[in-house]
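Quick look at what TrEMBL annotates:
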- 12-40: transmembrane segment (TRANSMEM)
- 13-207: domain 'ABC transmembrane type-1' (DOMAIN)
- 55-78: transmembrane segment (TRANSMEM)
- 90-108: transmembrane segment (TRANSMEM)
- 120-139: transmembrane segment (TRANSMEM)
- 151-177: transmembrane segment (TRANSMEM)
- 189-211: transmembrane segment (TRANSMEM)
Amino acid sequence: MSTSMSEILIKAIFETLYMVVLTGVFAFFFGFLSGILLVVTDEGGISPNKVFNRIFGGIINIVRSFPSMIFIVVLLPLSRLIVGTALGETAAVVPLVILTSCFIARVVESSLKEVDKGKIEASISMGATPIQIIFQVIIPESLPSLVRAITLSVITIIGATAIAGVVGAGGLGSIAIRYGYQRFQDEYIIATVIILIIIVQGVQILGDYIVKKIYRRRHSG
């Protein structure tokens, strides 16, 4: 691998990690809150609200139905409005946050719904408030499933940043297109694919390790 190629790939790796981290921070915040709202307001939830749940869930489903690339392109004017440009890594974060927040909301909802309803009902009978039930019962009980959901979400964000590179966001996806596809330099495509595989595998291994640690603590406790 030549020095110039190494420099290009290293810069692209940092651009990708920048997008993943920045997108992840905001997407997990909004996605986690949205997932909790979907569970709490669902029929049979601790604070059911059928109208809100259907409207909010419908909006999330609409966003999720968009192909990633199309959604990013559609929201480029919003990126320009918020960050002052439609190009670059920061501009891509805006549509990526909205898109991945909706994905995270659904996987968090699925994880939280795995909690035994008997434990929730027991907490209600003991006079626990909705906030206490959420943070002292539902989240702790669903922690292993939530970690798996977070792991899957991070991998999804990594994939989305690669797609964003196609529309001028920078990162590994941009390198694969500009150097690998447009200039017929296959070594760039091979290198970016290998790097993305390593990053994804690293995230998956870390997620699996954390889940095992949680189970071990529960069994030892």
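The backbone N, Cα and C atoms fix where each Cβ goes, glycine too.
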**Q.** Non-local residues, at least 6 beyond the ends, that sit with Cβ under 8 Å of the transmembrane segment (12-40)
**A.** 46-47, 52-53, 56-57, 60, 89-90, 92-93, 96-97, 100-109, 111-113, 130, 134, 138, 150, 153-154, 157-158, 160-162, 164-165, 169-175, 192, 195, 199
Q: Please indicate, using numbers and ranges, the residues of the same chain that are 6 or more beyond the transmembrane segment (151-177) and have a C-beta under 8 Å from a C-beta there.
A: 8-9, 12-13, 15-16, 19-20, 23-24, 27-28, 31, 68-69, 72-73, 76, 86-89, 91-92, 95-96, 99-100, 103-104, 107, 188-189, 192-193, 195-196, 199-200, 203-204, 206-208
Q: Quickly jot the same-chain residues contacting the transmembrane segment (120-139) by Cβ under 8 Å, restricted to those at least six beyond its ends, or write none.
A: 36, 39-40, 46-47, 112, 146
